[in-house]
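Participant: Just lifted these from TrEMBL, have a look:
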- 10: active site (ACT_SITE)
- 136: active site (ACT_SITE)
- 94, 95, 96, 97, 98, 99, 100, 101, 102, 103, 104: ATP binding site (BINDING)
- 66-144: domain 'GHMP kinase N-terminal' (DOMAIN)
- 198-271: domain 'GHMP kinase C-terminal' (DOMAIN)
Ligand SMILES: C[C@@](CO)(OP(=O)(O)O)[C@H](O)COP(=O)(O)OP(=O)(O)OC[C@H]1O[C@@H](n2ccc(N)nc2=O)[C@H](O)[C@@H]1O
Ligand SMILES: Nc1ncnc2c1ncn2[C@@H]1O[C@H](COP(=O)(O)OP(=O)(O)O)[C@@H](O)[C@H]1O
């Protein structure tokens, strides 16, 4: 039997840092939403006892560094599963981009193992297991739209955005999430208005949504990499209604209701940025 799981990317509509915790992590409050850009994974039992990863993309790790591998390994350990598992990953989400591609693959692995071995775990139970792998994994188990607190693992669902186009551009630079959080200066933060964003979603108000986008990590990543600002400025000049960096970056996204505007922006971005995508927000 082969199990198929789709693993969508996320973008941050808001990301606020509240304070630094004693465990070294930051207490955050953020609204995330899934987008129609997804990896595709399959899971099947094998006769040997190991975990095998097959991917056409050479930059996807094929051992325990892979978050999907970690998801399968954790489920095998928790439920005493002896059988080997083969994972295939059709990687579509750019890596180390602020789009939670690895976390979404890990979440797909938890769902996939649950189905492959009939483990009967609820979404909440899988989210709890996901916490052990990474802060974004619990959200990715169910995806859609949610506000996340704590380290990112305490979730409440929200209505998804009204239909819109999402233009994504990832400059070819590497950003370390650890370094970005390390440069947060709590006293100088301009906090996003998270409650107004939640209301914009409840009211399906696209313009209010665009006006309340905010990410406190954005100025930190911009200070390290001016390419991020260059993309932001370009998207704004093209008239995209809301423009923001996702997560710790470096991917920048722009939102619009108008396909022609989105396509024009994509064509322009391709002149100076290699990784550009045009997708839709996932609606309820
Ligand atoms: C910024 C966000 C927003 O969604 O996403 P991405 O940019 O990765 O998409 C997340 O908070 C990224 O969480 P995640 O990718 O799981 O980070 P982890 O590997 O758990 O942590 C990497 C490092 O970042 C710092 N870290 C992470 C999360 C957090 N709430 N506070 C922190 O201080 C810690 O120093 C940690 O060692
Ligand atoms: N299945 C996977 N897909 C992508 N990256 C992975 C995966 N497993 C582990 N990684 C590693 O995780 C790191 C973060 O990748 P990713 O989750 O794409 O970034 P982000 O959290 O910024 O969106 C990268 O260094 C990558 O090598």
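Cβ atoms here come from the backbone N, Cα and C positions, even for glycine.
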Participant: According to DSSP, how is the domain 'GHMP kinase C-terminal' (198-271) divided among helix, strand and coil residues?
Facilitator: 41 helix, 11 strand, 22 coil
Participant: Starting from the Cβ centroid of 94, 95, 96, 97, 98, 99, 100, 101, 102, 103, 104, the recorded ATP site, name every other residue in that chain with its Cβ within 8 Å, sequence order please.
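Facilitator: The surrounding set, listed in chain order, is 9, 93.
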Participant: Give the subset of the recorded positions 10, 94, 96, 102, 104 lying near ligand 1, defined as CB under 6 A from any of its atoms.
Facilitator: none
Participant: Ten-angstrom check, please: count other Cβ atoms within 10 Å of the Cβ of residue 136 (active site), all chains counted.
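Facilitator: 27, counting other Cβ atoms within 10 Å of residue 136 (active site).
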Participant: Determine the Cβ neighbour count for residue 10 (active site): the number of other Cβ atoms within 10 Å of its Cβ.
Facilitator: 29
Participant: Just to be sure I understand the contacts, which binding-site residues have a Cβ under 6 angstroms from any atom of ligand 2? Candidates are 94, 96, 98, 100, 104.
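Facilitator: Once distances to ligand 2 are taken from each Cβ, 96, 98, 100 fall under 6 Å.
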Participant: If you count the other Cβ atoms within 10 Å of each Cβ, which of the binding-site residues 96, 100 comes out on top?
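Facilitator: Highest number of other Cβ atoms within 10 Å: 100.
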Participant: Could you check which of these binding-site residues, 94, 96, 104, sit within 10 Å of residue 136 (active site), going Cα to Cα?
Facilitator: 104
Participant: Under DSSP, is residue 104 (ATP binding site) helix, strand or coil?
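Facilitator: Assignment for residue 104 (ATP binding site) reads helix.
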Participant: How big is the Cα-to-Cα gap, in Å, between residue 98 (ATP binding site) and residue 10 (active site)?
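Facilitator: Roughly 8 Å, rounded to the nearest whole number.
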